[in-house]
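Single-structure report; data block below.
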Amino acid sequence: MAGFRIIELAAPFLPIMPEIELPYDKLPFDDKVVYTILIGLFYIFSQLPIAGINTNGITSNAIEGDPLYYLRGIFAMGPSKTILEFGLFPIVSSTLILQLLAGMKLIKVNFKNSQDRQLFQSLTKIVSVFLYIILTNIFIATGYFGANLSLLSILLINFQIVSMGIFTILLVEIIDKSYGFGSGIMCITVMNTATNFVDNVFGVASINVDTVVGGNYTESRGAFINLTQNLRSSRFSLIGGIVSAFTRDYLPNLTHVSIVALIFFIVCYWQNYNMEVTIRSTRTRNINNVYPIRMLYTGGLSIYFSFILIALINISIYVFLNITHLSNKYYVLENNTLLIPKFPFNLLTPPKAFYPDLFTKQILTLLILPIFIIITSCWFSLQWMNISGASPKDIALQFKEQSITIAGKREQAIKQELNNKIRPAAIAGGLVLGGIVSLGELLGLKGDAAGIVVAVTSGFALLELVTIEYQQSGGKSALTQILGAPGGKY
Amino acid sequence: MAKSTSSASAGNNNTNVEKIVSGEAPLEFVKEGVSFISKCKKPNQKEYMKIIRAVGIGFVGIGIIGYAIKLIHIPIRYLIV
């Protein structure tokens, strides 16, 4: 096994794996904007229902309930039983975990060698495809797509989910290979979270709620639209209508939406926390400048990591309980849609609501979930700080190339000094983001807290890239001339 | 102390574990983060409003585009199912 490396596993798949070609030339600003917006194509497909599900004569919870409800927001999964069932989860987890392993030298990759880079990239894609296949089949086995499926339906379901998965992988790759801004995962997450937010506030789709509240009623999905409807409807009194709009738990309510908005504002505020390090040029005297070190140094990736772990653990529990036929005993179906685990298995499940669910059914979650999220996100931040392209070592090298030094430090001490400054930043970022996400989840946001945190941090990164690109392209953009924007958003 | 600040790598595992068990490391760890936060430069109100406006408009704008695409889908879903 001396010369064997894990990335070699990808080699046989190289010829059959579809790949996006790098653009021949640097794309103009307008094209990039169009490509980035077209990521919305994703939505056209994410809503299509899966064909081949057998819903007849089922009594178990498995077919009706959705055990992944708290992961749908953050991993851009479509609604339950649609062809984008697993969303970006396989892609995000394979990318993040493989990069982490490579960074920790558990997988040996020489990123300076272009063949190695290509192998690693293909390995990531192949692992994502395999994850799609594995997830689909274990969910088929648990009866999520219906009992007594014929071989044809099993193949059909596999085909739909996996081909959609490959399509999504390629869609992400288009953006990654500099046709768009930033990374594809980032763009899709921002778009998905923004859409969900608009949907939760102003969504006009009316949904039949008779199974939940009794009687023959429909309510709008959007919390704000629902409030205005309640005020006019004869079903509620004035006060009752307002209270219902704030407290209904089967669809987004106003409390939910306002907590999400509050987290948005807080993370926007934190995003601009930075520590300024005074730097000066070694060539010219008396010119001091500042180099900002952000508090959210690793951004929302740490939250992604925590949720990947939570997802893996909870999916394993789900599969284990189904294989041992305990799922009817340990899962309860709430509101006809959410499949919620019972006591020993719900420690890492974000509760459905702050009150009464958190206190009556899963009080231990109050302790375990925050500890888990904060520890994993801090650990990840610390690891990522050394792996990512902005590690202290890289920045020190950059400084050296541009003949910059930190004021009052010798050139040799730069790396150490940067490490001393960046390490606390990574810890602080992991702490505050982990803290706010766990607080939000405990308040019953069902995964939206994590979604909004990741979306805001990615959104800022995107905005930064767009601004830089815009300034470089100058006034050549036809789009901005039409829209009449004088100088970017800043 | 010097060890814990110098590197976060998985090196000196034993000492780290001892520290974590004794409760010394996590506290130190949190302290490091908190002291960083207190030393940070915070945005003032004017800057903050500007940022919120830019990001908020962008966010809601993208959301409306996404929702428009999603809306097209409601009739399609009815046709299929």
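Along the chain as shown, residues are numbered 1 onward.
Heads up, the Cβ atoms here are built off N, Cα and C, so glycines get one too.
Model, not experiment: these values are computed from the prediction.
Annotated in TrEMBL:
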type: TRANSMEM; residues: A:33-53; note: transmembrane segment
type: TRANSMEM; residues: A:83-102; note: transmembrane segment
type: TRANSMEM; residues: A:123-145; note: transmembrane segment
type: TRANSMEM; residues: A:151-172; note: transmembrane segment
type: TRANSMEM; residues: A:179-198; note: transmembrane segment
type: TRANSMEM; residues: A:254-274; note: transmembrane segment
type: TRANSMEM; residues: A:295-321; note: transmembrane segment
type: TRANSMEM; residues: A:363-382; note: transmembrane segment
type: TRANSMEM; residues: A:425-443; note: transmembrane segment
type: TRANSMEM; residues: A:449-468; note: transmembrane segment
Residues sitting near the transmembrane segment (A:179-198): Cβ under 8 Å, six or more positions beyond its termini, same chain?
20, 23, 27, 31-33, 35-36, 39-40, 42-43, 73-74, 76, 88, 91-92, 95, 171-173, 257, 260, 448, 451-452, 454-455, 458-459, 461-462, 465-466, 469
What stretch, picked from A:83-102, A:295-321, A:449-468, has the most CB pairs under 8 A with the transmembrane segment (A:33-53)?
A:83-102
Below 8 angstroms Cβ to Cβ, which residues of this chain, lying six or more residues outside the transmembrane segment (A:449-468), approach it?
33, 73-74, 181-182, 186-187, 189-190, 192-194, 196-197, 259-260, 263-264, 267-268, 271, 296, 299-300, 303-304, 306-307, 433, 436-437, 439-441, 443, 488-490
In the same chain, residues at least 6 away from the ends of the transmembrane segment (A:83-102) whose Cβ sits under 8 Å of its Cβ atoms read 42, 45-46, 48-50, 71-72, 75-77, 108-109, 111, 120, 123-125, 127-129, 131-132, 135-136, 139, 160-161, 164-165, 168-169, 172, 185, 188-189, 301, 304-305, 308, 311-312, 380, 383-384, 387
Could you tell me what the rest of the chain brings near the transmembrane segment (A:295-321), counting residues at least six beyond its ends with Cβ under 8 Å?
67-68, 71, 74-75, 89, 92-93, 96-97, 100, 135, 138, 141-142, 267, 270-271, 273-275, 327, 330-331, 341, 345, 348-349, 372-373, 376-378, 380-381, 384-385, 388, 390, 422, 425-426, 428-430, 432-434, 437, 447, 450, 453-458, 460-461
